């Protein structure tokens with residue numbers, strides 16, 4: 001096969017490219033330039049996509065004896081990832097830019113260009129496996145769950161999976177990859193992994209956003225609506241946060257308070273006790289399937305839902321339904337005709353804590369990824385009835401509704417309804 005190896009400058013993508021060469025494929029390396037003003041050097045594990053990373057990728061390709069190119073996707077990245085990140089925070093949501101990058105850049109713009117140039121597949125250093133199932137290509141977890149990255153690949157579609165190649169999926173550990181890199185003579189064998197948002201290399205998300213989102217002071221309120229403090233910009237907060245709250249009045253019980261939700265329309269930050277972070281229902285849309293899941297309309301199917309890259313999956317029963325026009329609200333995506341509704345059984349699992357609108361929930365069946373959706377609303381497991389509605393009754397991101405029609409993706413405690 002003709003393989004385009006996406007080379008970030010890290011050890012994983014370099015070893016993935018090397019294994020593609022060893023397998024006898026015709027391999028070409030490419031590094032994505034995602035910023036027109038990249039930093040020159042990394043600081044430990046902070047940041048990526050720097051000039052240093054591009055040079056590391058070029059040296060690795062040279063050692064492997066494969067052609068190497070740099071593709072400028074900076075404009076597409078700025079529009080589809082950076083601008084989306086800013087807009088989501090301004091709307092009171094907590095986005096995952098790595099998911100958006102995989103969806104829009106690495107497995108959309110890159111893959112489309114690769115196919116147009118005659119390549120059969122794109123190889124990356126992700127830890128995940130591909131299986132040719134009875135209905136086509138399937139995405140599964142890596143053999144080593146500690147390094148599994150199938151969560152961030154949950155946005156891939158059936159068409160995209162047909163052109164993906166993950167040579168590291170069956171590798172038992174990252175240390176073995178580093179050892180292999182050293183044995184191959186790759187200088188990046190001990191290069192630290194990147195852990196921060198690539199376009200915010202210093203890790204100061206709040207400071208970075210303050211330069212791009214209008215800072216409007218507002219109230220911090222408790223669950224009853226009482227004002228307990230002030231904030232200097234709601235974009236600087238996210239669900240589950242405890243530190244940095246400017247509270248002028250302590251809680252009556254003396255316990256710490258956490259951010260429960262953001263109300264962008266009224267510019268309020270809602271706080272409450274830790275137990276109010278325990279979520280029994282999540283709702284959202286913008287869903288996609290990773291291959292053909294074999295799901296029939298309105299037929300329930302068993303699955304697990306995972307809301308963070310390294311979180312434990314939660315057992316659930318889900319179904320795909322047509323949207324009842326009588327229940328359609330402003331939260332339904334324009335033109336959407338179907339929704340997914342799922343009931344999560346938390347009887348044998350810890351409650352979901354600190355679920356924030358904007359997060360991605362990935363749907364699994366065993367090791368297989370079925371698809372994903374973006375969380376819009378979250379309802380406490382306590383069933384307190386808190387709806388997080390704006391003044392005047394307008395529901396906002398974070399609000400819940402009763403189970404059934406009108407939700408784009410609903411998750412309830414208690415199993416099958």
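Backbone N, Cα and C atoms are what each Cβ position is placed from, and that goes for glycine too.
Within 10 Å of the C-beta of residue 12 (ATP binding site) there are 25 other C-beta atoms, taking all protein chains into account. The ATP binding site feature in TrEMBL is assigned to 6, 7, 8, 9, 10, 11, 12, 13, 32, 125.
Long-range neighbours of residue 101 (active site, nucleophile) (same chain, six or more residues apart, CB within less than 8 Å of its CB): 77, 81. The active site, nucleophile feature in TrEMBL is assigned to 101.
In the three-state DSSP scheme, residue 198 (disulfide bond) is classed as coil. The disulfide bond annotation in TrEMBL covers 101-198.
Every protein chain considered, the tally of other Cβ atoms within 10 Å of the Cβ of residue 198 (disulfide bond) stands at 23. What TrEMBL lists as active site, cysteine persulfide intermediate is 198.
What TrEMBL lists as domain 'tRNA-specific 2-thiouridylase MnmA-like central' is 208-272.
The domain 'tRNA-specific 2-thiouridylase MnmA-like C-terminal' feature in TrEMBL is assigned to 338-371.
Residues or ranges marked as region 'Disordered' in TrEMBL: 381-417.
Summarising the annotation, TrEMBL assigns compositional bias 'Gly residues' to 401-417.
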Length of the line joining the Cα atoms of residue 8 (ATP binding site) and residue 198 (disulfide bond), in Å: 12
Length of the line joining the Cα atoms of residue 32 (ATP binding site) and residue 198 (disulfide bond), in Å: 13
Cα-Cα distance linking residue 198 (disulfide bond) and residue 6 (ATP binding site), given in Å to the nearest integer: 16
Per-residue pLDDT averaged over the domain 'tRNA-specific 2-thiouridylase MnmA-like C-terminal' (338-371), given as an integer: 80
Secondary structure of residue 8 (ATP binding site) (DSSP, helix/strand/coil): coil
Cβ-Cβ neighbours of residue 32 (ATP binding site) (radius 10 Å): 24
Cβ neighbour count within 10 Å of residue 10 (ATP binding site): 21
